[in-house]
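Quick paste of what TrEMBL says about this protein:
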type: DOMAIN; residues: 2-252; note: domain 'Amino acid transporter transmembrane'
type: TRANSMEM; residues: 7-29; note: transmembrane segment
type: TRANSMEM; residues: 49-68; note: transmembrane segment
type: TRANSMEM; residues: 89-108; note: transmembrane segment
type: TRANSMEM; residues: 137-156; note: transmembrane segment
type: TRANSMEM; residues: 176-194; note: transmembrane segment
type: TRANSMEM; residues: 200-223; note: transmembrane segment
type: TRANSMEM; residues: 235-253; note: transmembrane segment
Amino acid sequence: SLSYTSALSVALAVVFLVITAGITIFKLLNGSIMMPKLFPDIVDFTSAFNLFTVVPVLVTAYICHYNVHSIDNELEDNTKIKAVVRTSLILCSSVYVMTSLFGFLLFGDNTLDDVLANFDTNLGIPYSSLLNDAVRVSYAAHLMLVFPIVFFPLRLNLDGLLFPRKGALVADNLRFASMTIGLIGVIFLGANFIPSIWDAFQFTGATAAVCIGFIFPSAITLGDRYGIATKKDKILCIFMIVLAVFSNVVAVYSDALALFKKNGPTTE
(Lines of atoms letter the chains of each structure in order from A and count residues from 1; the text may use other names and numbers.)
(Lines give C-alpha, C1' and ligand atoms only; values in the text may rest on other atoms or scores of the structure.)
Protein backbone atom coordinates (compact mmCIF):
# COMPACT_ATOMS: atom_id res chain seq x y z
CA SER A 1 0.00 0.00 0.00
CA LEU A 2 1.22 3.50 -0.81
CA SER A 3 0.14 4.68 2.64
CA TYR A 4 2.77 2.45 4.28
CA THR A 5 5.32 3.42 1.65
CA SER A 6 4.67 7.09 2.34
CA ALA A 7 4.92 6.69 6.11
CA LEU A 8 8.17 4.72 5.86
CA SER A 9 9.70 7.25 3.46
CA VAL A 10 8.92 10.07 5.90
CA ALA A 11 10.45 8.05 8.73
CA LEU A 12 13.65 7.55 6.70
CA ALA A 13 13.79 11.27 5.93
CA VAL A 14 13.58 11.92 9.67
CA VAL A 15 16.40 9.39 10.23
CA PHE A 16 18.52 11.32 7.71
CA LEU A 17 17.71 14.56 9.55
CA VAL A 18 18.45 13.12 13.01
CA ILE A 19 21.85 11.77 11.93
CA THR A 20 22.78 15.06 10.24
CA ALA A 21 21.65 17.07 13.27
CA GLY A 22 23.54 14.77 15.63
CA ILE A 23 26.78 15.11 13.67
CA THR A 24 26.38 18.89 13.50
CA ILE A 25 25.67 19.27 17.23
CA PHE A 26 28.62 17.01 18.10
CA LYS A 27 30.99 19.10 15.97
CA LEU A 28 29.56 22.34 17.36
CA LEU A 29 30.21 21.17 20.91
CA ASN A 30 33.83 20.23 20.21
CA GLY A 31 34.40 23.49 18.28
CA SER A 32 35.35 21.94 14.94
CA ILE A 33 32.77 23.87 12.88
CA MET A 34 33.61 27.30 11.52
CA MET A 35 31.00 30.03 11.19
CA PRO A 36 29.61 29.72 7.63
CA LYS A 37 29.07 32.67 5.31
CA LEU A 38 25.47 33.79 5.78
CA PHE A 39 25.02 35.94 2.66
CA PRO A 40 26.03 35.36 -0.98
CA ASP A 41 28.61 37.47 -2.80
CA ILE A 42 26.82 39.75 -5.26
CA VAL A 43 29.39 41.43 -7.48
CA ASP A 44 27.48 41.96 -10.72
CA PHE A 45 24.10 41.59 -12.40
CA THR A 46 24.71 37.94 -13.26
CA SER A 47 25.48 36.94 -9.67
CA ALA A 48 22.34 38.75 -8.51
CA PHE A 49 20.30 37.00 -11.19
CA ASN A 50 21.65 33.63 -10.05
CA LEU A 51 19.72 34.05 -6.80
CA PHE A 52 16.53 33.39 -8.79
CA THR A 53 17.72 29.85 -9.52
CA VAL A 54 16.81 28.93 -5.94
CA VAL A 55 13.14 29.83 -6.37
CA PRO A 56 12.21 26.96 -8.76
CA VAL A 57 13.77 24.45 -6.37
CA LEU A 58 11.66 25.79 -3.49
CA VAL A 59 8.55 25.69 -5.69
CA THR A 60 9.24 22.06 -6.61
CA ALA A 61 9.59 21.14 -2.93
CA TYR A 62 6.07 22.33 -2.12
CA ILE A 63 4.21 21.01 -5.16
CA CYS A 64 1.97 18.20 -3.92
CA HIS A 65 -1.26 19.16 -5.67
CA TYR A 66 -1.39 16.07 -7.88
CA ASN A 67 -1.71 13.78 -4.84
CA VAL A 68 -4.42 15.70 -3.01
CA HIS A 69 -7.38 14.27 -4.94
CA SER A 70 -6.10 10.70 -4.69
CA ILE A 71 -5.68 11.08 -0.93
CA ASP A 72 -9.12 12.70 -0.65
CA ASN A 73 -10.69 9.72 -2.44
CA GLU A 74 -9.06 7.30 0.01
CA LEU A 75 -10.23 9.12 3.15
CA GLU A 76 -13.28 7.69 4.90
CA ASP A 77 -14.07 11.18 6.20
CA ASN A 78 -13.50 13.79 3.47
CA THR A 79 -13.68 16.63 5.97
CA LYS A 80 -10.22 15.60 7.21
CA ILE A 81 -8.48 16.53 3.95
CA LYS A 82 -7.65 20.07 5.10
CA ALA A 83 -6.08 18.78 8.29
CA VAL A 84 -4.14 16.15 6.32
CA VAL A 85 -2.78 18.72 3.86
CA ARG A 86 -1.95 21.19 6.64
CA THR A 87 -0.15 18.54 8.69
CA SER A 88 1.78 17.34 5.64
CA LEU A 89 2.95 20.84 4.78
CA ILE A 90 4.03 21.53 8.37
CA LEU A 91 5.93 18.24 8.55
CA CYS A 92 7.62 18.71 5.17
CA SER A 93 8.51 22.33 5.93
CA SER A 94 10.04 21.31 9.26
CA VAL A 95 12.15 18.59 7.63
CA TYR A 96 13.24 20.94 4.80
CA VAL A 97 14.22 23.78 7.13
CA MET A 98 16.00 21.60 9.69
CA THR A 99 17.89 19.62 7.03
CA SER A 100 19.06 22.77 5.25
CA LEU A 101 20.02 24.41 8.57
CA PHE A 102 22.07 21.52 9.94
CA GLY A 103 23.50 20.66 6.52
CA PHE A 104 24.72 24.22 5.98
CA LEU A 105 26.13 24.45 9.50
CA LEU A 106 27.95 21.16 9.01
CA PHE A 107 29.46 21.79 5.57
CA GLY A 108 29.36 25.59 5.28
CA ASP A 109 30.66 26.98 1.99
CA ASN A 110 31.49 23.43 0.86
CA THR A 111 27.83 22.43 0.75
CA LEU A 112 27.14 20.82 -2.64
CA ASP A 113 24.00 21.05 -4.77
CA ASP A 114 23.17 17.53 -3.64
CA VAL A 115 24.04 17.53 0.06
CA LEU A 116 24.12 13.74 -0.02
CA ALA A 117 27.38 14.01 -1.99
CA ASN A 118 28.95 15.74 1.03
CA PHE A 119 28.58 12.51 2.98
CA ASP A 120 31.31 10.88 0.91
CA THR A 121 34.26 12.31 2.84
CA ASN A 122 35.75 12.05 6.31
CA LEU A 123 33.48 14.02 8.65
CA GLY A 124 36.17 14.33 11.29
CA ILE A 125 34.23 12.42 13.94
CA PRO A 126 34.33 8.87 15.33
CA TYR A 127 32.61 6.26 13.16
CA SER A 128 32.55 8.72 10.26
CA SER A 129 32.46 6.00 7.61
CA LEU A 130 29.61 4.16 9.35
CA LEU A 131 27.55 7.35 9.71
CA ASN A 132 28.20 8.26 6.07
CA ASP A 133 26.89 4.86 5.00
CA ALA A 134 23.86 5.17 7.29
CA VAL A 135 22.97 8.57 5.85
CA ARG A 136 23.38 7.45 2.25
CA VAL A 137 21.47 4.19 2.73
CA SER A 138 18.59 5.88 4.56
CA TYR A 139 18.35 8.59 1.91
CA ALA A 140 18.55 6.09 -0.96
CA ALA A 141 15.81 3.99 0.64
CA HIS A 142 13.75 7.16 1.15
CA LEU A 143 14.00 8.00 -2.57
CA MET A 144 13.06 4.44 -3.55
CA LEU A 145 9.93 4.62 -1.40
CA VAL A 146 8.99 8.12 -2.57
CA PHE A 147 9.19 7.15 -6.25
CA PRO A 148 5.94 5.07 -6.34
CA ILE A 149 4.08 7.89 -4.59
CA VAL A 150 5.10 10.37 -7.29
CA PHE A 151 4.90 7.86 -10.15
CA PHE A 152 1.31 6.80 -9.41
CA PRO A 153 -0.34 10.20 -10.08
CA LEU A 154 2.06 10.86 -12.98
CA ARG A 155 0.95 7.70 -14.79
CA LEU A 156 -2.71 8.25 -13.92
CA ASN A 157 -2.80 11.86 -15.12
CA LEU A 158 -0.80 11.18 -18.28
CA ASP A 159 -3.21 8.38 -19.15
CA GLY A 160 -6.14 10.74 -18.65
CA LEU A 161 -4.46 13.29 -20.90
CA LEU A 162 -3.59 10.87 -23.71
CA PHE A 163 -6.65 8.60 -23.51
CA PRO A 164 -9.52 10.68 -22.13
CA ARG A 165 -12.20 8.43 -23.63
CA LYS A 166 -10.70 5.10 -22.61
CA GLY A 167 -11.78 3.08 -19.60
CA ALA A 168 -9.96 2.79 -16.30
CA LEU A 169 -6.22 2.27 -16.67
CA VAL A 170 -6.16 -0.68 -14.25
CA ALA A 171 -8.63 -2.54 -16.49
CA ASP A 172 -6.35 -2.40 -19.55
CA ASN A 173 -3.19 -4.42 -18.93
CA LEU A 174 -1.56 -3.52 -22.25
CA ARG A 175 -2.06 0.22 -21.76
CA PHE A 176 -0.98 -0.03 -18.14
CA ALA A 177 2.23 -1.90 -19.01
CA SER A 178 3.05 0.34 -21.98
CA MET A 179 2.53 3.50 -19.96
CA THR A 180 4.63 2.18 -17.07
CA ILE A 181 7.52 0.96 -19.23
CA GLY A 182 7.55 4.16 -21.31
CA LEU A 183 7.60 6.47 -18.30
CA ILE A 184 10.25 4.45 -16.46
CA GLY A 185 12.39 4.47 -19.63
CA VAL A 186 12.18 8.26 -19.92
CA ILE A 187 12.93 8.68 -16.21
CA PHE A 188 15.90 6.31 -16.46
CA LEU A 189 17.38 8.23 -19.40
CA GLY A 190 16.88 11.54 -17.60
CA ALA A 191 18.50 10.22 -14.43
CA ASN A 192 21.56 9.11 -16.39
CA PHE A 193 22.03 12.07 -18.71
CA ILE A 194 20.97 15.10 -16.65
CA PRO A 195 24.28 16.32 -15.17
CA SER A 196 23.00 17.42 -11.77
CA ILE A 197 19.90 17.02 -9.61
CA TRP A 198 20.05 20.78 -9.04
CA ASP A 199 19.66 21.41 -12.78
CA ALA A 200 16.70 19.03 -12.91
CA PHE A 201 14.96 20.74 -9.98
CA GLN A 202 15.67 24.18 -11.44
CA PHE A 203 14.01 23.55 -14.79
CA THR A 204 11.24 21.37 -13.37
CA GLY A 205 10.40 24.03 -10.80
CA ALA A 206 10.48 26.79 -13.39
CA THR A 207 8.14 24.98 -15.79
CA ALA A 208 6.03 22.02 -14.65
CA ALA A 209 5.86 22.98 -10.97
CA VAL A 210 4.74 26.54 -11.76
CA CYS A 211 2.02 25.21 -14.06
CA ILE A 212 0.77 22.60 -11.57
CA GLY A 213 0.94 24.89 -8.56
CA PHE A 214 -0.27 28.21 -9.94
CA ILE A 215 -1.30 28.40 -13.60
CA PHE A 216 -3.57 25.33 -13.89
CA PRO A 217 -5.51 25.94 -10.62
CA SER A 218 -6.03 29.59 -11.60
CA ALA A 219 -7.16 28.60 -15.10
CA ILE A 220 -9.68 26.14 -13.64
CA THR A 221 -11.06 28.84 -11.35
CA LEU A 222 -11.34 31.28 -14.25
CA GLY A 223 -13.27 28.65 -16.22
CA ASP A 224 -15.71 28.53 -13.27
CA ARG A 225 -17.58 25.47 -14.49
CA TYR A 226 -20.02 25.54 -11.59
CA GLY A 227 -20.41 29.32 -11.34
CA ILE A 228 -19.10 29.64 -7.79
CA ALA A 229 -16.09 31.94 -8.32
CA THR A 230 -16.47 35.56 -7.25
CA LYS A 231 -15.09 38.57 -9.09
CA LYS A 232 -12.37 38.85 -6.46
CA ASP A 233 -11.40 35.21 -7.08
CA LYS A 234 -11.07 35.78 -10.82
CA ILE A 235 -9.01 38.96 -10.41
CA LEU A 236 -6.72 37.12 -8.02
CA CYS A 237 -6.38 34.23 -10.49
CA ILE A 238 -5.47 36.57 -13.35
CA PHE A 239 -2.85 38.21 -11.15
CA MET A 240 -1.50 34.79 -10.15
CA ILE A 241 -1.22 33.63 -13.78
CA VAL A 242 0.58 36.81 -14.84
CA LEU A 243 2.94 36.58 -11.86
CA ALA A 244 3.56 32.86 -12.51
CA VAL A 245 4.34 33.42 -16.20
CA PHE A 246 6.69 36.30 -15.37
CA SER A 247 8.50 34.32 -12.68
CA ASN A 248 8.60 31.34 -15.04
CA VAL A 249 10.39 33.36 -17.72
CA VAL A 250 12.81 34.90 -15.23
CA ALA A 251 13.57 31.53 -13.63
CA VAL A 252 14.14 29.72 -16.94
CA TYR A 253 16.39 32.53 -18.17
CA SER A 254 18.42 32.59 -14.96
CA ASP A 255 18.66 28.78 -14.90
CA ALA A 256 19.85 28.65 -18.51
CA LEU A 257 22.29 31.51 -17.93
CA ALA A 258 23.77 29.80 -14.88
CA LEU A 259 24.00 26.45 -16.70
CA PHE A 260 25.69 27.88 -19.80
CA LYS A 261 28.07 29.91 -17.66
CA LYS A 262 29.00 26.82 -15.64
CA ASN A 263 29.54 24.64 -18.73
CA GLY A 264 31.00 27.35 -20.96
CA PRO A 265 34.69 27.70 -21.84
CA THR A 266 36.89 29.26 -19.20
CA THR A 267 39.44 31.91 -19.98
CA GLU A 268 42.60 32.57 -18.00
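Backbone N, Cα and C define each Cβ position, glycine as well.
Caution: TrEMBL annotation is automatic and unverified by curators.
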If I count Cβ-Cβ pairs under 8 A between the transmembrane segment (7-29) and each of 49-68, 137-156, 176-194, 235-253, which range comes out on top?
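Result: 137-156.
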With a Cβ cut-off under 8 Å, give me the same-chain residues at least six positions beyond the ends of the transmembrane segment (137-156) that come close to it.
2, 5-6, 8-9, 12-13, 15-16, 19, 66-67, 70, 116, 169, 179-180, 183
